[in-house]
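Only one structure is covered here, and it is reproduced in the block below.
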Amino acid sequence: MGGERSGVRGNKMAAAEPSPRRVGFVGAGRMAGAIAQGLIRAGKVEAQHILASAPTDRNLCHFQALGCRTTHSNQEVLQSCLLVIFATKPHVLPAVLAEVAPVVTTEHILVSVAAGVSLSTLEELLPPNTRVLRVLPNLPCVVQEGAIVMARGRHVGSSETRLLQHLLEACGRCEEVPEAYVDIHTGLSGSGVAFVCAFSEALAEGAVKMGMPSSLAHRIAAQTLLGTAKMLLHEGQHPAQLRSDVCTPGGTTIYGLHALEQGGLRAATMSAVEAATCRAKELSRK
């Protein structure tokens with residue numbers, strides 16, 4: 001297997017005709033690996049049809065373990081794949097786009113997962129009429145339960161958007177939104193993972209305080225969040241309706257909810273999303 005992969009770094013992939021069945025990754029970090037793994041597990045793309053590039057082998061190991069092809073040449077990815085996902089650090093992306101621009105064509109669909117880099121900036125850095133989309137995934141993509149939003153550039157049509165959405169649904173729930181919502185998504189769902197973890201931790205610690213072993217409490221708290229989320233998504237209920245269904249007059253839940261209201265949970269959570277969104281907007285301007 002090692003010999004086959006080293007052969008890919010030669011001119012075989014570079015000489016291959018680009019195919020819509022092939023998906024390329026420029027940047028091979030954790031999020032890129034999670035998306036690739038989701039595509040393969042869902043059967044949407046075969047591992048041998050994924051080509052990933054990175055400066056060193058350190059991040060490429062995960063792609064190699066999945067059976068994907070790898071290279072150190074970013075241009076090679078563009079020459080071999082029509083759909084390319086750029087998963088580099090935001091401050092590195094402009095230089096990477098300048099490097100690959102000479103081999104970009106109007107047939108390519110280029111997808112950026114770099115936070116804070118706007119569609120207008122992407123379009124300015126690439127040849128005229130390049131089809132560009134922004135995608136913002138969150139960490140649960142690594143277990144194929146991500147919340148993903150995407151925004152299309154000026155030259156992207158509905159067919160390209162549907163194709164990308166179809167592929168990304170392998171990693172969780174994918175919604176198309178106006179670009180203005182991307183920073184809000186960062187506050188709600190990107191940072192929201194940490195907010196939910198903080199709540200899960202507090203929920204479990206309440207049980208520990210009342211005498212339950214810690215490991216058991218944390219497992220039950222996490223399962224409670226998982227089950228509640230599934231009910232909200234599968235049944236399409238508003239959270240207020242499900243909350244009301246759990247409450248009985250004079251019962252345990254309404255007493256607990258009263259304590260949460262006294263602690264300012266609702267206002268604190270809204271403020272957390274607002275603060276994270278504002279910070280995302282600040283970083284985008286920089």
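Yeah, the Cβs are placed from backbone N, Cα and C, and that goes for glycine too.
Because the structure is a prediction, the values reported are computed rather than measured.
As recorded in TrEMBL, the features of this protein are as follows:
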BINDING   Asn74  NADPH binding site
BINDING   Ala87, Thr88, Lys89, Pro90  NADP(+) binding site
DOMAIN    22-116  domain 'Pyrroline-5-carboxylate reductase catalytic N-terminal'
DOMAIN    179-283  domain 'Pyrroline-5-carboxylate reductase dimerisation'
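Everything TrEMBL records as a feature, shown here on the structure.
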{"residue": "Asn74", "record": "NADPH binding site", "Cβ neighbours (10 Å)": "22"}
{"residue": "Ala87", "record": "NADP(+) binding site", "Cβ neighbours (10 Å)": "27"}
{"residue": "Thr88", "record": "NADP(+) binding site", "Cβ neighbours (10 Å)": "25"}
{"residue": "Lys89", "record": "NADP(+) binding site", "Cβ neighbours (10 Å)": "11"}
{"residue": "Pro90", "record": "NADP(+) binding site", "Cβ neighbours (10 Å)": "15"}
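Across the fold, the C-alpha of Pro90 (NADP(+) binding site) and the C-alpha of Asn74 (NADPH binding site) stand 16 Å from each other. For the domain 'Pyrroline-5-carboxylate reductase catalytic N-terminal' (22-116), the number of residues in each DSSP class (helix H, G, I; strand E, B; coil) is 40 helix, 22 strand, 33 coil. Broken down with DSSP, the domain 'Pyrroline-5-carboxylate reductase dimerisation' (179-283) shows 91 helix, 0 strand, 14 coil. A straight line from the CA of Thr88 (NADP(+) binding site) to the CA of Asn74 (NADPH binding site) spans 11 Å. Excluding the listed site residues Ala87, Thr88, Lys89, Pro90, the same chain places Gly27, Gly29, Phe86, His91, Val92, Leu93, Val96, Val113, Ala114 with Cβ atoms within 8 Å of the centre of the NADP(+) site Cβ atoms.
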